[in-house]
Amino acid sequence: MELPRDTHHERLPVSSSETPSTNGTAQIGVTGLAVMGSNLARNFAHHGYTVALHNRTTAKTDALLEAHGSEGSFVRSETIPEFLAALEKPRRVIIMVKAGDPTDAVIEELADAMEEGDIIIDGGNSLYTDTIRREKAIRERGLHYVGAGISGGEEGALNGPSIMPGGPAESYESLGPLLEEISAHVDGVPCCTHIGPDGSGHFVKMVHNGIEYSDMQLIGEAYQLLRDGLGKSAPEIADIFAEWNEGDLDSYLIEITAEVLKQIDKKTGKPLVDVILDEAEQKGTGRWTVKSALDLGVPVTGIAEAVFARALSGSVAQRKATTGLASGELGEHPTDEARFIDDVSKALYASKIIAYAQGFNQIQAGSNEYDWDITLGDMATIWRGGCIIRAKFLNRIKEAYDEDPQLATLIAAPYFRDAVEAGIDSWRRVVVTATQLGIPIPGFASALSYYDALRTERLPAALTQGLRDFFGAHTYGRIDADHDAKFHTQWSGDRSESPA
Ligand code: NBP
């Protein structure tokens, strides 16, 4: 079969400031044509762009052209010089290869052959600190570097992802219109905006993934409460989730939970979820989120519990050694089924609010630490479509930050304060019932503890400070002194107190 080469119609320059084409005809290039890169390339082509294609192994380029070459205008290339020659100047190249060393290798090869003003875009799941390092190095070579978080998996890449591009504002002027066009749109608004300098895009994408971990853990706990608390079957729980998806919980993850739960395994005739091995895997972005939160000192307890819950599920030896150990005296199963289901939905919603509040606090802390000046409300806007955590209530987050950009935590915004208040009794009942039935609910319970700790007037941290001063002379502040003033008690002497 003859492979299509640069066959499609010409497209007008993307912006009037753009340098006219003096070289190739492609407006965008994609290198790395596995599932994400292929679908992203097709998405650009579907929007009328001519797309230059490159992959380390040419067989992948040819496979893409053979299967989808007729969908738009593609330019095939085998080598990086050929790939770059196919592009209009300034060149825009998206790298969609495995994060880490492969990304560095591709950047190096591209940068060596590119010219001043060209833009390298890393659309992979890179660690934001790598993006900070790469942006600096590439900038010093006169090129532009954009670390763009892309969410939505293969389906999003093809039909409209949520895109979180960082990097210089100047690159966004040239690149933004293309990215916005191929991104998902909600109410006519693109799910793509310039996040801020250097690593900000990948940082926000990382926290997005952390919230996704938390969201999925909470959904898992709700499922287990209905299964083990009420004895419901997977298809019955699917119906409950489908109903929840009509209300406040309306979101992509709740929608696909119903889909997964109602799937019947052809081999056994059982619900598929009952034959899937219960050991959750992870690719690492949740772990990165928690590590970063530890460094920033932000308590993202929901994300941490979710990461550890996956690790626990995979602790095969420990689980094997402890299955069937004493549970103690267990309580009664709920008798009012409708009330328990309603309680679980409210506990899920309240815990989810906590997870998002923690994630947004982490973005704020990252923005402060690295001077990114991120507009928090915009993150909620671009997560409304395309991405895995898309949800109806993101509109509420946007409204909360529009109303008060200095909001200390989402939980204090009127809508969320009222939503938690409306669900707090249910939330407590669910945590108590789960504990009495021996059902593990690390996400629900830690979210409730986080909420209770925040709203508590006097925390035991006062005692912690006293102990630290006792054994290490670490000093403490006093409620009746200036906030920053420090004191020390002579614990091993006369126990008098002196300013430190
Ligand atoms: P993979 O992450 O599986 O990477 C495969 C691609 O990397 C192939 O094109 C491969 O070329 C190329 N590659 C490798 Br591996 N080493 C290379 C090297 N040293 N030099 C040049 N190319 C190299 O692909 P993916 O699942 O499509 O994901 C692409 C990026 O998007 C990743 O960073 C991923 O984390 C991110 N992402 C993925 C998803 C998802 O749902 N999968 C979602 C969001 C983001 P070859 O064909 O020659 O081996």
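Every residue gets a Cβ built from N, Cα and C, even glycine.
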Q. Say TrEMBL lists Gly32, Leu33, Ala34, Val35, Met36, Gly37, Asn55, Arg56, Thr57, Val97, Lys98, Ala99 as binding NADP(+): which of Asn23, Asn125, Asn159 is in the same site, per that record?
A. Asn125
(Q) Can you find which of His144, His474 TrEMBL lists as binding substrate at the same site as Asn125, Ser151, Gly152, Gly153, His208, Asn209, Tyr213, Lys283, Arg310, Arg468? (A) His474
Q: Fill in the CA-CA distance, Glu212 (active site, proton donor) to Gly152 (substrate binding site), as an integer in Å.
A: 11
Q. Given the binding-site residues Ala34, Met36, and counting only Cβ atoms in the protein chains shown, which has the most within 10 Å of its Cβ?
A. Met36
Q | Cβ-Cβ neighbours of Glu212 (active site, proton donor) (radius 10 Å) | A | 23
Q. Can you count the other CB atoms that lie within 10 A of the CB of Asn55 (NADP(+) binding site)?
A. 23
**Q.** Cα-Cα distance, maximum over Asn125, Ser151, Gly152, Gly153, His208, Asn209, Tyr213, Lys283, Arg310, Arg468, His474, record's substrate binders, Å
**A.** 48
Q: List the binding-site residues Met36, His208, Tyr213, His474 whose Cβ sits under 6 Å from any atom of ligand 1, in sequence order.
A: Met36
